[in-house]
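To start, the structure itself, in structure tokens.
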Amino acid sequence: MKQALTPEQIKEQKPYLDWSLSEREYDYISEKLLGRLPNFTETGLFSAMWSEHCSYKKSKPVLRLFPNQNDRVLQGPGEGAGVVDIDDGQAVVFKAESHNHPSTVEPYQGAATGVGGILRDIFSMGARPIASLDSLHFGELDDPKMQMKVAGTVKGIGDYGNCMGIPTVAGETTFDPCYSGNLLVNAMSVGLMDQKDIQKGKAAGIGNAVMYVGAKTGRDGIHGATFASADFSDENATQRSAVQVGDPFMEKLLLEACLELIQNHPDWLVGIQDMGAAGIVSSSAEMASEGDAGMDLDLDLVPQREPNMSAYEIMLSESQERMLLCVNKGHEDDVKKIFDFYGLEAVTIGRITEGRQYVLHHDGQVVCDIPVSSLTDDVLEETSEEQKPARILQAEQEANWQPEVTDAGATLEQLLQQSTIADKSIFFEQYDSMVRTSTVVGPGSDAGVLRVRGTKKGLAMTTDGNGRFVYLNPEVGGKMALAEAAANIVATGALPLAITDCLNYGDPNDPEIFWELHQSVSGMAEACRVFDTPVISGNVSLYNENNGQAIHPTPMVGMVGLIKDLKNLVKMAAQAAGDQVYLLGQTGDDYAGSELQKMLTGDIAGTVADFDLNHVHAMMKTLLSLMEDGKVASAHDLAEGGLGVALAETLFKTDLGMNLKLDLTKNQLFSETAGRFVVTVKKEDAAAFEAALGDDATLIGEVTNSHWLQVRLADGNLNKNVADLEQLWKEAIPCQLKSRD
């Protein structure tokens, strides 16, 4: 690394502007917080900790709209992950994180380290990770370069998760041109624990040890946090030094060592935190702040894998597979023995001090001496201008696009071959979904389901996000994202508990983009309150742009639900001939942002209609009650492609068919009205089912042995062999990928 600048040179040359620190912030730090010019190391620490990625300085005012508590929440936002009570002294722990910028630059390592980072967040809370999920958004598959990025991303996720022995059980993958220059790779992890083992990222107790454990520190990932707080351009998209490199075998050892310490020797440990974004500085400063303490660190003691690392590099490195512990004085050697057994570094690099000062030593010199609060609590929140986008104002003045479907069968065949709808097994078959043998329902269904061993309980989990609807109507799109996640959870027979999120947007300095963020979070927050699903963790990923072209605003909702007794688990596929088929919810002419619109016009446009959240929630509540009473044979929520696609998906992987009569048009068969399900019910349960749901349930036909989907519509018919439809659906993506060769 080049010679560090003096404080005076920093003031004059302003290198901090390239590190996402503004001149206003630099002056505030110098004049108000420190009363002097910060040195090179200190300036680097401020640039990382004051980045949007670490501080949420632009998004905090919006994030306050989210509810984050209810009777089940044991730990909300602010720790490594959220924790929710699932009864019997047990808790589920979950969180999602984005790794968009690194994955765009280096898809394999970016995706792999995204998985590794979120797993560390889970076991830092004291939980054993039991499942991984993802939410992946790519450009179109007809681009050979995008095919390579898709392959790298999927392999990175699969390799890391498989080596860790943690199943990937659910997720979503979409394709749209808006993600061509900036992929979205959102990783979610779910863990299980006894409530007595919950940990905090806290450093307290004067004289207690600060211990560094795990892999050695290198120069990879330096300024990863600030890299994630700026958009891409042709000039900076080559910042591969900001991408971390992962080692899942090291992480597996780290997981086992940490859980052994937490579960067997809780009296040795004060707090524990993952070294994620901004590396040592973030974990150490946040732990000291949480414990209302000071901290004194000797960076010469930090295990390093590269020679001559500066204090700046050591503190800002985002090398993977590292944790920071606060250990009660006198137990340092005890802790070291545990990590020695696993072949891991475990070094005391500092102590907790009186007061709230953050002091770093390197090469015999003090290289940082600043208040802890200046890094964590004194960040200047920023207010952003908001402006309703011109495209939305114009769309509100125009009539919505209406399709003209002439052949419902041919249209269904085409839709099933669209990349976002088509079978994704070519991707998720690279993930081990059954390792640890707790998986009950794996990828390809509405939600993944795992059993809670030693109990009758199950956990359902899903990730959902549709940027197209949010792009056209951010507030309604935000509601739809939450309602879609809830529908996926309820479709399995589970009660939605809480959510995590990844808020993926463009440059917040653009008034239109900040308006999108504000409006969509407002819609999500309203839906969270209606469904009683607080936001317990998550992250914000802004600046998802390439050369000024922003992605569609894409909030991702990760939701977990509880199945009280797995005997009441409901599958997506139709179960038996003779079962009655019901459409739940009312169907409108909702084509704006739909797969049908994109397929037929090559674009999306129009306005997305609002819907009654309270009514949808009440309907789901009734449906869940019927499931718990054993009155539902199968259930599938309606999403991309509407009822037509959902009916086909319900019959795939079965030998069954359906004979249906609908008061819907050929167009409406593919409408994407929110809050609907297709449900099958045994004949003997039909009367009770109809009585409970009333007008929300429309009998549309029955399941047959024919393996044909036969639908009589108000203006035509659809008759298709299910095996033929399934073959088109299964072969669509492999055919696109082969076209590259």
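Here the Cβ of each residue, glycine as well, is placed from N, Cα and C on the backbone.
Fair warning: this is a prediction, and the values are worked out from it, not measured in the lab.
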Task: Matching residue for the substrate site, where Swiss-Prot names Ser98, His99, Asn100, His101, Arg120, Gln244, Glu318, Ser319, Gln320 - out of Ser522, Ser537, Ser541, Ser594 - done: Ser541
- [ ] Quick one: which of Asp18, Asp134, Asp501, Asp579 does Swiss-Prot put in the ATP site with Tyr56, Lys95, Gly538?
- [x] Asp501
Task: Listed binding-site residues Asp274, Glu318, Gln320, Asn539, filtered to Cα within 10 Å of Lys95 (ATP binding site) - done: Asn539
Open item on the list: Quick check for you: of the binding-site residues Asn100, Arg120, Asp274, Glu318, Gln320, which have their Cα within 10 Å of the Cα of Asn539 (Mg(2+) 1 binding site)?
Closed with: none
Open item on the list: Max CA to CA distance in Å over the ATP-binding set Tyr56, Lys95, Asp501, Gly538?
Closed with: 17
Open item on the list: Let me make sure I understand the span of the substrate site: among Ser98, His99, Asn100, His101, Arg120, Gln244, Glu318, Ser319, Gln320, Ser541, what is the greatest distance between any two Cα atoms, in Å?
Closed with: 20
TODO: Please report the number of other Cβ atoms within 10 Å of the Cβ of Asp274 (Mg(2+) 2 binding site).
DONE: 28
Open item on the list: To the nearest Å, how far is the Cα of Gln320 (substrate binding site) from the Cα of Asp274 (Mg(2+) 2 binding site)?
Closed with: 9
Task: C-beta crowding around Glu97 (Mg(2+) 1 binding site), within 10 angstroms - done: 23
Task: Glu97, Asn100, Asp274 filtered to the binding-site residues whose C-alpha is within 10 Å of Asp501 (ATP binding site) - done: Glu97
